[in-house]
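Chemist: Here's the feature list from TrEMBL:
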| type | residues | note |
| --- | --- | --- |
| BINDING | A:31, A:46, A:76 | Mg(2+) 4 binding site |
| BINDING | A:31, A:76, A:218 | Mg(2+) 3 binding site |
| BINDING | A:47, A:48, A:124 | Mg(2+) 1 binding site |
| BINDING | A:48, A:76 | Mg(2+) 2 binding site |
| BINDING | A:55, A:270, A:326 | substrate binding site |
| BINDING | A:123, A:124, A:150, A:220 | ATP binding site |
| BINDING | A:221 | Mg(2+) 5 binding site |
| DOMAIN | A:30-142 | domain 'PurM-like N-terminal' |
| DOMAIN | A:155-309 | domain 'PurM-like C-terminal' |
């Protein structure tokens, strides 16, 4: 299809994006969204860009790419204890896009938007002149002064994570069909693959985080590196019992088949779980609230005084992962 | 410089971006910004992406690219009658970026941020795997219910534009060294080139727009096309006196040398002026307020009933520019 025959941006917006827009988007017919903030609330703002072959693969389904772009941003909002208010999308499309691709992308985006209660507020669509590149800015709301920082972990607090760690990194690795794949059932492989493709932001934990966590962030660049970041930002360190780090049964089986995969699980990215620190006296209540919204919670260690990298204890050994400071882009 | 030797994203943020961050950015040390909205105000949210060779040229100075990326978004905020509260930046950097380039980019961004009173709130930096691609999301604040829509022009209202029209399109054309360039002085060429490189968002007009304009948008895709969009969105049409469309002396001289350039001036993009409609009885007051903030204002026509494309009258002829509906990306 030549550029001349392409529908206009306005008609694409009307067909694909207006149906998933929130009220504040004004039908995507104006130049900007107009959001009335909840009284007594602060706005939480975050942006994350995704690039083909860096953050997703060309063969990934368009709906999965859309879901991931929104999910990784909603995950940031959740970690800050905020409820989603909406998002804006910049979409740089390569010249060979098709209307089928865009329709599937918009369908996935709409589904994710409903699942995460995060409506579309606005966007921009441009020619990429390169690979598909997306940028999402998500807006959340939090009662004034209650955003959960990354910088305020307290010595003695429990270090907690939601869900399971390492699935996504293993799921990405699986695509190269490694020898250890043979140890997994089809279902287990599908589970790991799905965890890479479809982050599950823990937005239902936001209120519980506000009430209990001394510090929080989402795990996007690997547990070890992100924990190191949070401890550095808080002027503290941590001791983690590696055996307490929650692995899915699929990940556990992979690690059993190839023990060095434990390092990958602890340092690989794309978990999109919540990492937080919780004062001991609030831990029971936090567990209960997490349970009530159906989110698994594991205590994996303790915040300690010091400036060193967090220690991961495993089989009587102590391991420090020096990954945080070498993260490139 | 190999990827291994590159500084970490965290150190780049600390060196280049933290110094231009606003208070709500929390030093760019957390996962999100936290903005306390002014009581009684709505949030205005807009996003615009810029791609190398589509929206700017590789030889453009990094500081100019940064200024343009922010300026085109602040221009949208201004057209909606809102005051800037801050912006988020997604920067997809090609592999051959240098620290010098990034330092110049950040310096230009910082200067623009100060000029437009629009602080940095957050961002994300990723590998582009293609040309430089930037996406800015700008956040403005407007007294509740007072955002100036695009959709509410009234029949009989005056059609107004700020500044001058067509400079940027002519400035871009000049780069190919066309025959008509010879008719211009060096200063006139520099003026046109600068207008393409450095949009001047009319953010100082925001309050006057709120108090006077029935509808407004910024002129980014060409006056004729953008006027057609605003009239279509309002269910109206317009009659414009082409001779009233404000041209800079440089643009006027170019049009004199090559009369067909008038079409380019009226349909070319990147003006980043404000196009608005103003009820007759508010026109004098609007003029005074624009004058008091040093922004030139021209009445170029009138809103009329009808669904047709706006008419541009010139030398006894009537001209309709069918550009709005064919705009591709």
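One-based numbering along the chain as shown.
Using the three backbone atoms N, Cα and C, a Cβ is placed for every residue, glycine included.
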Chemist: Between C-alpha atoms, which of these binding-site residues comes nearest to residue A:220 (ATP binding site): A:31, A:46, A:47, A:76, A:270?
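Modeler: Its closest listed neighbour, by Cα, is A:270.
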Chemist: Per DSSP, what is the residue count of the domain 'PurM-like N-terminal' (A:30-142) in each of helix, strand and coil?
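Modeler: Taking each residue of the domain 'PurM-like N-terminal' (A:30-142) in turn, the totals are 35 helix, 45 strand, 33 coil.
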Chemist: State the Cα to Cα distance, in Å, between residue A:218 (Mg(2+) 3 binding site) and residue A:76 (Mg(2+) 4 binding site), rounded to an integer.
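Modeler: For residue A:218 (Mg(2+) 3 binding site) versus residue A:76 (Mg(2+) 4 binding site), the Cα atoms are 6 Å apart.
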Chemist: Looking at the binding-site residues listed here (A:46, A:48, A:123, A:124), whose Cα lies nearest to that of residue A:270 (substrate binding site)?
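Modeler: It is A:48, whose Cα lies nearest.
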Chemist: Ranked by the number of other Cβ atoms within 10 Å of their own Cβ, which of the binding-site residues A:55, A:150 ranks first?
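Modeler: Per the Cβ count within 10 Å, the most buried is A:150.
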Chemist: Could you check the binding-site residues A:31, A:48, A:150, A:220 and tell me which sit with their Cβ under 8 Å of a chain B Cβ?
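Modeler: Sorted by position along the sequence, the hits are A:31, A:48, A:150.
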Chemist: Going by Cα-Cα distance, which of the binding-site residues (A:31, A:46, A:55, A:76, A:221) sits nearest to residue A:124 (Mg(2+) 1 binding site)?
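Modeler: Checking each of A:31, A:46, A:55, A:76, A:221 against residue A:124 (Mg(2+) 1 binding site), the shortest Cα distance is to A:31.
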Chemist: Counting only residues 6+ apart in the same chain, whose Cβ is under 8 Å from the Cβ of residue A:46 (Mg(2+) 4 binding site)?
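Modeler: Same-chain residues close to residue A:46 (Mg(2+) 4 binding site) (Cβ under 8 Å, separated by 6 or more) are A:73, A:76, A:77, A:80, A:137, A:138, A:140.
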Chemist: Taking all residues of the domain 'PurM-like C-terminal' (A:155-309) together, what is their mean pLDDT?
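Modeler: Averaged over the domain 'PurM-like C-terminal' (A:155-309), per-residue pLDDT gives 97.
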Chemist: Between residue A:150 (ATP binding site) and the residue listed as 'Mg(2+) 5 binding site', how far is it from one CA atom to the other, in Å?
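Modeler: With the alpha carbons as reference points, the distance is 15 Å.
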Chemist: Near the Cβ of residue A:221 (Mg(2+) 5 binding site), how many other Cβ atoms are there if near means within 10 Å?
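Modeler: So the Cβ neighbour count for residue A:221 (Mg(2+) 5 binding site) comes to 20.
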